[in-house]
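Quick notes on the structure that follows.
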Protein chains: 2
Amino acid sequence: MLSEFDLIAQFFTRSRRQHRNVALGIGDDCALVTPAAGMQLAISTDMLVEGRHFFPGADPQMLGHKCLAVNLSDLAAMGAKPLAFTLALALPEARPDWLAPFAKGLLALADEHGCELIGGDTTKGPLNICITVFGEVPPGQALRRDAAQAGDDIWISGSLGDARLALAGYRGDIMLDDATQHTAGERMHAPTPRVELGLSLRDIAHAAIDISDGLAGDLGHILERSRTGAILDVDQLPAGPMLARHALEIRRRFTLAGGDDYELCFTAPSGKRDAVIAAASSCNTAVTRVGSIDAAPGLRLRDANGAPLDLPLASFDHFASP
Amino acid sequence: MLSEFDLIAQFFTRSRRQHRNVALGIGDDCALVTPAAGMQLAISTDMLVEGRHFFPGADPQMLGHKCLAVNLSDLAAMGAKPLAFTLALALPEARPDWLAPFAKGLLALADEHGCELIGGDTTKGPLNICITVFGEVPPGQALRRDAAQAGDDIWISGSLGDARLALAGYRGDIMLDDATQHTAGERMHAPTPRVELGLSLRDIAHAAIDISDGLAGDLGHILERSRTGAILDVDQLPAGPMLARHALEIRRRFTLAGGDDYELCFTAPSGKRDAVIAAASSCNTAVTRVGSIDAAPGLRLRDANGAPLDLPLASFDHFASP
């Protein structure tokens, strides 16, 4: 006798060919994966909770996309090639009109990156989505947080702060017109993981991290683990197109400590500037040089004139309601 | 600035040497694992929700044990050797008096099996624990659900039904004295994953599954995927020591459809009976032969005299409150 929750699996069942590395997918006690010879496996897990990481009633198709996107973003930040993922899902009730679009958004992004759903678990409970993702990276080529070196440039992919602007709009902290709210909202709800960029930076970059909690805090993790400091040119930070229309103070705050950007922050030797630009160009991703790593401890901020800036910063805090 | 939830990580940080296969553990975007050359990776994920899989206010140390045990049980059922796991944890609040014993129970079992915590995620939210576990198995040696063959014996490890008896006691369906409730409750709250037995059966058994939802339903998964049927000698089923004192009807029902047993049900050629017994003996685990696989479809039940039994069965249903 199949229960309602057993039937959920049908929404995630694919007919197409399995990934060459997947020897056994959904339906047994475990999935079986055969890693390519000599490759390391990169593994990351993220849990998204309703009311904390996304709004109650969030669009299920964008939510499906986002749950996998934030995990793929972790692979991107290691320079790992996506391979497979597991999905554990707690749902208050098994509603087809929620499950179908959720699976659609999730699996469309999975297909885009050749990342196969190999197992999972579904249960009744407060809405909670936990994905664990697996990727491959050649030994020694992973972009680790502890690999930044004094003299490295600091680079940012894409743009920052539009997701944070959308949040400010939803909260009523900043009044946004409908079109701006919608466009910024898509940036918040359906981020683009920079997987291709991460792969193309393997032989070029030293350290990398994905910006999920805000640039200042996430760059801080690189500095801490690499035992280095940095100077950041705050007014060089690439503001998102919606945020770019706002005042300097808002731009600085949201690019530095916005959260939910899912861009890459990476460091690379200054002798590799052309290589960085060529790599980014090859995957149609903008990159901006925004500072440099040095030996002096701490993160020091500079304005457009090179003068020190003292800004109160706080990363995105999971205690605060979204 | 570390938030309360960042600090949670401290409860799970180990000082001891990392597993030889773990190149990078907690603290980067991903963990890096180097699988042993030529081995397949077995992967399973389980999500446990308060009020569904365990009682509100459950003892945190036993809960930490159980969350990993149910995942290790999936590895056991594939004949895979535990390697590492990730932990994602949603908590209503970060209380040290809950986290310390939870981590203690979790990591004690992890140490026992050489299974290293390599990454995780913590967030505020309704209590939810999601573990993804990784093990190694030589290609072609995994104990799959689809590998049972007509003529195979059906075997059960350990004993069945004491966890279900404990549940009946908690619910007030059956009156249990305190000592019985306590002993049966330990079986429910702190199951023993049959990892060693799974490993020792690699070259002997055909199919295997772990009994989490009740024997009849879980054996049904083997029959379905192997396209076989089976005869089960219901009165041969090894009742747990607490359950064994109860009436025949209760014994039959709780051994057949109890749930939360976390024993292995496996099939092996009848010519390998001595090998099965020797393998079980080598890891100090009792095994009982309880039936046989055949080509006729369906699961047919027999009593002690060999007469057909018609019992209404329902596996553990995650819709029902525990």
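Glycine residues also receive a Cβ, built from the backbone N, Cα and C atoms like all the rest.
For reference, TrEMBL has these:
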DOMAIN    B:27-137  domain 'PurM-like N-terminal'
BINDING   B:Asp29, B:Asp74, B:Asp210  Mg(2+) 3 binding site
BINDING   B:Asp29, B:Ser44, B:Asp74  Mg(2+) 4 binding site
BINDING   B:Thr45, B:Asp46, B:Asp121  Mg(2+) 1 binding site
BINDING   B:Asp46, B:Asp74  Mg(2+) 2 binding site
BINDING   B:His53, B:Asp260, B:Phe316  substrate binding site
BINDING   B:Gly120, B:Asp121, B:Arg145, B:Ser212  ATP binding site
DOMAIN    B:150-302  domain 'PurM-like C-terminal'
BINDING   B:Asp213  Mg(2+) 5 binding site
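Annotated features taken from TrEMBL, shown on the structure.
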| residue | record | DSSP (3 states) |
| --- | --- | --- |
| B:Asp29 | Mg(2+) 3 binding site | coil |
| B:Ser44 | Mg(2+) 4 binding site | strand |
| B:Asp74 | Mg(2+) 3 binding site | helix |
| B:Gly120 | ATP binding site | strand |
| B:Arg145 | ATP binding site | helix |
| B:Ser212 | ATP binding site | coil |
| B:Asp260 | substrate binding site | coil |
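Candidate binding-site residues B:Ser44, B:Asp121, B:Asp210, B:Asp213, B:Asp260 yield B:Ser44, B:Asp121, B:Asp210 as lying near chain A, with Cβ-Cβ distance under 8 angstroms. Rounded to the nearest whole angstrom, the C-alpha distance between B:Arg145 (ATP binding site) and B:Asp74 (Mg(2+) 3 binding site) is 12. With B:Asp210 (Mg(2+) 3 binding site) as the anchor, the candidate binding-site residues are B:Ser44, B:His53, B:Gly120, and the one with the nearest CA is B:Ser44. B:Gly120 (ATP binding site) sits 10 Å from B:Asp29 (Mg(2+) 3 binding site), taking the C-alpha atoms as the reference points. Geometry remark: B:His53 (substrate binding site) versus B:Asp74 (Mg(2+) 3 binding site), CA distance 16 Å.
Spatially, by CA atoms, the binding-site residues B:Asp29, B:Ser44, B:Asp74, B:Ser212, B:Asp260 include one closest to B:Asp121 (Mg(2+) 1 binding site), and that is B:Asp29. Over all protein chains present, the Cβ of B:Asp210 (Mg(2+) 3 binding site) has 27 other Cβ atoms lying within 10 Å. If you draw a 10 Å sphere around the CB of B:Gly120 (ATP binding site), it holds 23 other CB atoms from the protein chains shown. Using a 10 Å radius centred on the Cβ of B:Ser212 (ATP binding site) and all shown protein chains, the other Cβ atoms total 21. Cβ-based crowding with a 10 Å cutoff singles out B:Asp29 as the top-ranked of the binding-site residues B:Asp29, B:Asp213. Cα spacing between B:Asp46 (Mg(2+) 1 binding site) and B:Asp74 (Mg(2+) 3 binding site): 9 Å, rounded to the nearest whole number. Non-local contacts of B:Thr45 (Mg(2+) 1 binding site) by the CB criterion (under 8 A, 6+ apart in sequence, same chain) comprise B:Asn71, B:Cys130, B:Ile131, B:Thr132, B:Val133. Compared over the binding-site residues B:Asp46, B:Asp74, B:Asp121, B:Asp260, the count of CB atoms lying within 10 A of a residue's CB peaks at B:Asp74.
Within 10 Å of B:Asp213 (Mg(2+) 5 binding site), counting C-alpha to C-alpha distances, fall the following of the binding-site residues B:Asp29, B:Ser44, B:Asp74, B:Asp260: B:Asp260. Taking only the Cα positions, the spacing between B:Ser44 (Mg(2+) 4 binding site) and B:Asp74 (Mg(2+) 3 binding site) is 7 angstrom.
Cβ neighbour count for B:Ser44 (Mg(2+) 4 binding site) (all protein chains, 10 Å cutoff from its Cβ): 29.
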